[in-house]
Amino acid sequence: RMDQALLLVRNELPSPGLNLAARSGSCHQCLYQFLAFVPPSNESLRKPGTASVMVDTQHPLTLLLNSSVGDRDLCKIQYHFGEFGNYSLVVKTLSTSNQTVSCDLIINEGPINSYLPILFAFLVYMGILALLIAGRLLMKIDPVRNWVYKKLNPRATDRMINSELGSPNTTDSINCDPAPQSWSSGSRQRLRSLDTFRGLSLVIMVFVNYGGGKYWFFKHESWNDICQLHFPSALFSRFVFIMGTSIALALGSILRWGSSKWKVLRKIIWRSFVLILLGIVVVNPNYCLGPLSWDNLRIPGVLQRLGFTYLVVAALELLFTRADSGTWEGRFPALQDILPYWPQWIFILVLETIWLCLTFLLPVPDCPRGYLGPGGIGDFGKYPNCTGGAAGYIDRLLLGEKHMYQHPSSGVIYQSTMPYDPEGILGTINSIVMAFLGLQAGKITLFYKDQPKQIMSRFIIWGIVMGVISAILTKCSKEEGFIPINKNLWSISYVTTMSCFAFILLLLIYYLVDVKKWWSGAPFLYPGMNSILVYIGHQVFANYFPFKWKMQDSQSHAEHLIQNLTATTLWVIISYILYRKRIFWKI
C-alpha cells in the first residue's frame, strides 16, 4: 500500500524464534511496537524461518530483534525504507563460539521515487506562470495589443477607425481593466497584500485539506514540531493572524465614516454568531447518511475558533480604537501604535497568564501536572490517557468526549485512543493572542500610512522579537524546550513562532505588492477576497465532482496529487470569476 514497503525476515538461527518490533523516528520516547514473530530455522530441512511484514516508509524506523525466550536483544537496525520497496532482513550466526549474530538488510526490489509527481506538477504550474508573464509582456507591445483588441472587440475597433479624429474619445476607449473608475480607485486604497496573504494561506489550506497528494509532509504533525518547518500546521495560524490585521483596518475605516460603536458591536456579535453556526454545520456533515445525532455533534472547529477569536479581539479593539488615527502626542511617538493601547496589552497578558496557569498547574486525574505530551505509547507508555494534558481534560470535562474530534493526528504515530480536539477551549486563548499580534500589524499600517519604510522596519522588529521569544521557549529543539512548538495545543511557542513567520511573510508580500507593485497578488488575491465562500465551499463540496472522482489507482500519489491540485485550482478559478463579476460573500 501507499507509504509502505515489504520486509521479509529470514531467521537462520535455531530455536527459539525471534520477535520483531519497530519504533518510528518521529515518535518521541515511544515504546517499540510488536510487528511479527519469526519462527526458528528447520535444521533438518535446512530451511530458515520466515515472516513478512509491512513497514512504514514515511519516517525512519528502528527495528529491534530479540529472542522470544529470555527477551535478549540480538540486533537493532535504523533504516528509512522506500515506498513500495521489497527488502529482506537476514539473521544468522557469524560465530558459534561467541554466538555473534549478524543482521543484514538486503534490497530485493528498489523503491519507487514517489516525489516525481511533485516535481512534474511544479514544472507544469511554472510553465503556466511563464506563459501568463509572456502574455502580459506581449500585451505591452502596441501592435500586439491592438490586434488582440480587434479580435476580441471588433465594434470598439470600428468606432476607432470611423472616428473623425482617428482615435476614440475617453468614453469609447478600451480599458484592459473592465472595472469602473470608482472600483479601481477603491482597490488602490485597499492593501492588496492583506488579501494576497490571506489567499495564499487559504489556497494551501484547501490543498492540504483535500489530501495534499497523500504525502506525509502535507499532513499535520503528529504532535510537537521543530521550528514549525512542517508548514501545514502553519496555515490556520496565518489565517488567524491576518484576521487580526483586517480587524484593525476595518474598524478604523468604519468609525471614520461615523458609525457608532454600539452599532459596530452589534455587527461584530452577529458576525461571530454566524461564523460559529456555520462552523458547527460544516464540521458535522451527514450527506446521505441520515439525520445527525445531537449526541455525537462536534462542537469545536476552525470556523468556531475564528468566530470566537474575532469576537474577543474585535470587541477589544473597538473599546480602545480611535476614529482619528493621527499622530499620538505622547512622550514616545515611536511607540504610538503600542502605548495608547496599554489596557489591551494587560488584557492579553492576563489571558496568557490564565493559559499558563491552567496548562501547568491544573490537576489532571492520573496525569502529571504540566503534561504536554500526546499520551498513547509516548513517554514510554506511562500516560496513555493523558493526551493533551490540561487542554484535553478541560474539553472532555466541559464538552464531553462525544462532542470532540475523535481522530486526532496523535493517533497515527503515538496510537493515542483518547478523543482530542485541536480547536479546543484552552487553545482558543492563544489563538486570541495570535490574532492580537495580527492586530498589531494592522495598527502599524494605520499609524505609519504612506511610510512603507517605517512599516517594513517595524514588521522586521516584531518578527525578530517573536523569533527570539520562540528560541528561548523551545531552546531551539523539538522536544527539550520549556514549551515545545505544538499546533494541537496551540502552545505559546507555536504562537510566537508563527507570528515571527507571519510578520516576515507579510513584509515580503507588502513590499512586492503594495510598495514596488512588482506583483499584483494574482492568483491568490482572488480567493483572499472571498475567503469565507472558498473555505466553506471547499468543505461542503469536497466529495462532489469535479472536486473528487473515482481514481484508477487509489494507492498512487500521482493520482491523488492530480485530483487535489485540480480541486484547489478550480476554487481559484471560481474565486477569479466571482472577482470579475464583483461578487463577494461577506458576513
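Placed from the backbone N, Cα and C atoms, the Cβ positions cover glycine too.
For reference, TrEMBL has these:
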DOMAIN    190-313  domain 'Heparan-alpha-glucosaminide N-acetyltransferase catalytic'
REGION    166-187  region 'Disordered'
TRANSMEM  115-135  transmembrane segment
TRANSMEM  197-218  transmembrane segment
TRANSMEM  238-256  transmembrane segment
TRANSMEM  268-287  transmembrane segment
TRANSMEM  302-320  transmembrane segment
TRANSMEM  341-362  transmembrane segment
TRANSMEM  425-448  transmembrane segment
TRANSMEM  455-473  transmembrane segment
TRANSMEM  493-512  transmembrane segment
TRANSMEM  524-541  transmembrane segment
TRANSMEM  561-579  transmembrane segment
Local confidence of the domain 'Heparan-alpha-glucosaminide N-acetyltransferase catalytic' (190-313) - pLDDT mean: 86
Sequence-remote partners of the transmembrane segment (197-218) [C-beta within less than 8 Å, at least six residues beyond its ends]: 2-3, 58-59, 114, 117-118, 230-232, 235-236, 238-239, 242, 246, 505-506, 509, 521, 523-529, 531, 534-535, 538-539, 542, 547, 557-558, 560-561, 563-565, 567-568, 571-572, 575
DSSP helix/strand/coil residue counts for the domain 'Heparan-alpha-glucosaminide N-acetyltransferase catalytic' (190-313): 86 helix, 2 strand, 36 coil
Candidates 115-135, 238-256, 493-512, 524-541, 561-579; stretch with most C-beta pairs under 8 Å toward the transmembrane segment (455-473): 493-512
In contact by Cβ distance (the transmembrane segment (493-512), the transmembrane segment (238-256); 3 or more pairs under 8 Å): yes
Two-stretch contact, the transmembrane segment (524-541) and the transmembrane segment (115-135), at least three Cβ pairs under 8 Å: no
For the transmembrane segment (561-579), sequence-distant contacts whose Cβ falls under 8 Å of one of its Cβ atoms, 6 or more beyond its ends: 117-118, 121, 199, 203, 206-207, 210-215, 523-527, 529-530, 533-534, 537-538, 542, 546-549, 551
The transmembrane segment (341-362) in contact with the transmembrane segment (425-448), cutoff 8 A, at least 3 CB pairs, sep 6+: yes
